[in-house]
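Annotated features in Swiss-Prot:
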- 11-31: transmembrane segment (TRANSMEM)
- 39-59: transmembrane segment (TRANSMEM)
- 76-96: transmembrane segment (TRANSMEM)
- 108-128: transmembrane segment (TRANSMEM)
- 129-149: transmembrane segment (TRANSMEM)
- 208-228: transmembrane segment (TRANSMEM)
- 239-259: transmembrane segment (TRANSMEM)
- 275-295: transmembrane segment (TRANSMEM)
- 307-327: transmembrane segment (TRANSMEM)
- 329-349: transmembrane segment (TRANSMEM)
- 398-418: transmembrane segment (TRANSMEM)
- 456-476: transmembrane segment (TRANSMEM)
Amino acid sequence: MTAPAFTAKAFAAFAPFTLLGAVTILVMLLIAVRRDHRLVALSTIAGLLLCCIALPLAAPASPVAVTKLFVIDGAALFYAGLVLVSALVVAALSWVYLDRVGEGPREEYYLLLLTATLGAAILPASVHFASFFLGIETLGISLLGLIAYAGPRGSAAEAGTKYLILSGAASAFLLFGMALIYAAFGSMSFARIGALAHQAGPADLYRLAGIALILSGVAFKLSLVPFHMWTPDVYEGAPAPVTAFIAVVSKIAVFAVILRFFALAGAHADASLRAGIAAVAILSMLAGNLLALLQTNVKRLLAYSSIAHLGYLLVAFLAAPALGVDAAAYYLAAYAVTSLGAFGIVALLSAPGAGRDADRIEDYRGLFRTRPFLAASLALMLLSLAGMPPTMGFIAKFYLVVAGVGTALFWPVAALLLGSVIGLYYYLRILVAMALPAPGDEEARHPNAVPPLGNAVIGALLVLLVVLGAYPAPALALIRMTIGHG
């Protein structure tokens with residue numbers, strides 16, 4: 001790896017992130033010059049597409065340190081790619097969703113989406129507390145605006161307020177944890193902290209306390225028990241495309257940076273931390289699935305489901321770095337495809353001016369008759385979330401179980417298997433509702449015509465879900481090529 005200076009090689013490796021910043025500035029200028037929803041939406045989608053194309057072009061220049069704050073390597077590019085592709089899908093769904101609003105201020109939404117994506121994209125490359133906190137706060141503050149961005153809907157403003165208060169508390173935990181570690185070692189570099197981690201005495205106590213506080217702040221961002229209370233309310237109140245962004249993009253970014261922090265800081269060796277994380281994983285799996293059983297609101301149900309899925313992901317986190325890195329990467333990819341598809345279908349069936357999204361289970365009655373393609377797609381997405389073959393979700397859970405058993409994580413693996421059985425029941429509730437006849441006029445229950453762009457996005461996600469579920473070798477080869485040798 002080259003020295004931490006901004007050389008030509010570093011500039012080439014950092015180009016996708018620089019391009020994303022330039023696209024953000026361009027969209028801001030477009031909004032200032034001319035308010036045109038179509039133009040701003042197209043510019044956002046085109047800009048994100050260019051950033052996705054730039055990622056493989058930046059790969060030959062990696063691994064390289066970009067100042068002391070970032071390292072662009074295979075892992076950073078892989079997770080940034082997941083973030084950018086997911087943001088591209090959300091931008092396309094947002095165009096369809098906001099196009100139904102009619103007149104009104106819609107353009108700033110895309111600016112917030114881009115700044116949130118920029119914060120999320122730099123997190124996987126962060127190797128310093130300064131870049132870690134900068135990325136997570138850029139993401140969090142932008143999300144605050146996106147959550148409350150719903151015109152006259154009071155539920156969105158309420159969700160935004162809850163997120164503001166609790167996110168501020170989580171940021172305080174993060175900062176205090178970073179301060180304790182800096183007090184112990186006099187450095188904010190992940191690698192430097194790891195090099196000094198063998199020290200015993202007061203410094204080690206500060207380090208453990210600091211890591212525990214950082215994990216508490218991260219647990220809020222990942223919706224892990226007991227820091228999950230905000231999740232169902234925010235998921236329900238936010239516009240459906242924003243819910244998809246929170247469920248996927250923010251989770252990928254935060255999980256990637258904490259995985260890097262633990263690897264470089266040598267925290268995987270601490271038995272007390274591992275025991276605490278295992279307990280959080282088991283509680284998240286069981287609480288998320290059991291609470292989802294009680295829900296009649298689809299977005300709240302998927303919110304509790306996401307809590308359980310992040311608990312599953314902690315099995316790979318605990319198995320890292322021995323077996324869990326590849327399993328975590330594939331699981332995040334599978335989770336991104338399925339969650340984007342599920343929330344995307346909710347967005348396509350929703351009318352923003354109706355006061356709420358199509359988020360009640362009863363709203364989906366008769367969907368197989370009125371919207372057969374969307375109903376079949378949602379059925380496969382839900383089966384993937386349940387871990388059923390031949391979807392990506394099955395392969396992802398299989399690798400989690402293999403990684404967990406291979407590192408003797410028997411209790412978390414048992415909770416994973418039990419949670420998957422419970423989850424199958426509440427996913428089937430939605431499937432049964434879609435197959436039942438709707439009372440009254442079926443067509444009146446799903447009046448929104450789905451534009452070609454919406455069908456194309458869901459179709460692309462569906463192809464990935466089935467093809468990479470039946471034949472996961474290309475995805476696994478990409479993961480091993482980037483993360484395994486990054």
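Quick reminder: no glycine exception, Cβ is built from N, Cα and C everywhere.
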**Asked** Any chance the transmembrane segment (239-259) and the transmembrane segment (208-228) have 3 or more Cβ pairs under 8 A, given the pairs are 6 or more apart in sequence?
**Response** yes
**Prompt:** How about the transmembrane segment (76-96) and the transmembrane segment (11-31): do they have 3 or more C-beta pairs under 8 A, pairs 6 or more apart in sequence?
**Reply:** yes
**Fill in**
If one takes Cβ-Cβ under 8 Å and requires six or more residues beyond its ends, the residues near the transmembrane segment (275-295) are 212, 215, 219, 224-226, 228, 232, 301, 304-312, 314-315, 317-318, 409, 411-412, 415-416, 418-419, 422-423, 425-426
